[in-house]
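**Student:** This is the structure, below, for whatever I ask next.
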Amino acid sequence: MVVKQKADYAALKEELIAYAYEIGIQKIGFTTADPFLFLKERLLEAEALDLFTGFEHPVIEERVYPELIFKEPQSIIAIALAYPSKLKEAPVSKKGARRGVFARASWGIDYHTVLREKLALLETFLIERLPDVRMKSMVDTGELSDVAVAERAGIGWRGKNTLLITPEYGSWVYLGEMITNIPFEPDTPASDLCGSCNQCVKACPTGSLLGEGKMNPKICLSYLTQTKDFLDEKYREVLHNRLYGCDTCQVVCPYNRGHDFHFHEEMEPDPELVRPELKPLLHISNRAFKEQFGDMAGSWRGKKPIQRNAIIILARYKDKTAVPDLIDCLQNDPRPVIRGTAGWALRKIGGRDAEEAVERALQTEQDVQVLQELTAIPN
């Protein structure tokens with residue numbers, strides 16, 4: 001197919017939509033390559049308030065103006081893949097074998113990989129029909145905002161939890177986009193259907209959701225579970241059983257109720273991986289961690305945040321069977337964050353063995369932050 005006329009582009013768009021559904025893409029939408037000026041205001045406000053986490057693309061102008069990252073852009077294609085929200089035969093956390101949880105966005109194979117494969121198929125489809133086409137695809141970590149593109153492309157609207165909500169799949173969707181030099185006709189942007197509902201804002205464990213689709217990402221549990229430093233004690237108290245990520249604002253959303261999608265085999269979770277026992281995590285080697293969890297999105301920060309979070313969860317459960325493992329962490333782990341968090345956990349759990357281990361550590365520990373964990377009064 002040689003595309004030259006506007007009618008040809010319209011036909012190509014319909015062909016591409018049909019192909020997208022054929023390869024397992026749940027939603028596809030099209031928008032212009034115009035600047036995302038509304039996003040610029042929001043980003044500048046966030047920058048002024050020091051709300052960037054460091055996980056975002058650092059150049060605001062490149063997040064707003066597609067022409068800065070792609071020569072003569074004509075349109076942007078957005079896609080959405082729905083993912084599961086419920087486990088089949090979920091393992092039970094029980095005394096002596098407590099478990100933590102990975103958020104749903106870490107179930108199955110890393111979603112970045114799955115989305116990139118779908119976008120690559122769309123790229124091949126277009127190249128076969130339009131040899132001179134130019135494209136730039138991105139997922140999550142690219143310059144553009146996935147939610148902003150998808151919203152303007154008509155796939156869904158930005159909810160008060162800052163996530164994209166679709167009428168069909170709620171917010172249980174992964175997003176990706178492709179900038180092209182093809183002048184596809186844009187779709188109509190989605191309407192905001194949240195109305196007066198504030199359930200996600202009220203349910204947020206840390207108060208990170210500010211309403212009107214705004215948030216303080218630095219106190220979002222999803223972000224905090226991925227940090228590598230000591231976790232502030234006030235956030236340890238609300239960590240509950242989260243090893244990676246947080247789904248609270250999605251679970252309470254009315255548009256997500258009753259939704260559970262199993263369209264993609266790659267996204268099917270291994271229950272033992274997404275709800276693993278905690279104690280074995282404390283001593284897992286780097287190699288074993290990569291072998292067991294390396295294909296999951298939740299492994300991208302390495303084992304340290306997961307281990308720190310596992311220690312905090314064990315303390316919350318006051319799991320006395322974990323005391324020997326925690327003592328070993330306190331005495332032998334070379335990382336101050338793990339030693340200090342283990343010492344805090346031992347004081348939280350209590351008992352003679354735990355208390356004696358902390359007293360011994362106070363005689364030998366040199367790290368100031370670890371010593372603070374060993375002496376501060378736990379809540």
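Every residue gets a Cβ built from N, Cα and C, even glycine.
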**Student:** For the [4Fe-4S] cluster 1 site that Swiss-Prot assigns to Cys194, Cys197, Cys200, which of Cys246, Cys253 is also named?
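**Tutor:** [4Fe-4S] cluster 1 site check in Swiss-Prot: besides Cys194, Cys197, Cys200, the record includes Cys253 out of Cys246, Cys253.
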**Student:** For the C-alpha pair, I'd like the distance in angstrom between Cys220 ([4Fe-4S] cluster 2 binding site) and Asp140 (active site, proton donor), rounded off.
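**Tutor:** Given the Cα positions, Cys220 ([4Fe-4S] cluster 2 binding site) is 17 Å from Asp140 (active site, proton donor).
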**Student:** When you measure from the Cβ of Cys204 ([4Fe-4S] cluster 2 binding site), how many other Cβ atoms are you left with inside 10 Å?
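**Tutor:** By my count, 23.
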**Student:** List, in sequence order, the residues of the same chain other than Cys204, Cys220, Cys246, Cys249 whose Cβ lies within 8 Å of the centroid of the Cβ atoms of the recorded [4Fe-4S] cluster 2 site.
**Tutor:** Asn161, Cys200, Ala203, Pro205, Thr206, Ser208, Leu209, Met215, Leu221, Ser222, Thr248
**Student:** Whole-number answer please: how many Å between the C-alpha atoms of Cys200 ([4Fe-4S] cluster 1 binding site) and Cys249 ([4Fe-4S] cluster 2 binding site)?
**Tutor:** 4
**Student:** Taking the centroid of the Cβ atoms of Cys194, Cys197, Cys200, Cys253 as the [4Fe-4S] cluster 1 site, which other residues of that chain lie with their Cβ within 8 Å of it, listed in sequence order?
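**Tutor:** Residues close to the [4Fe-4S] cluster 1 site, other than Cys194, Cys197, Cys200, Cys253: Gly159, Lys160, Asn161, Ile165, Asn198, Gln199, Val201, Cys249, Val252, Pro254, Tyr255.
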**Student:** Using DSSP, what's the helix, strand and coil tally for the repeat 'HEAT-like PBS-type' (307-332)?
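**Tutor:** The counts are 24 helix, 0 strand, 2 coil.
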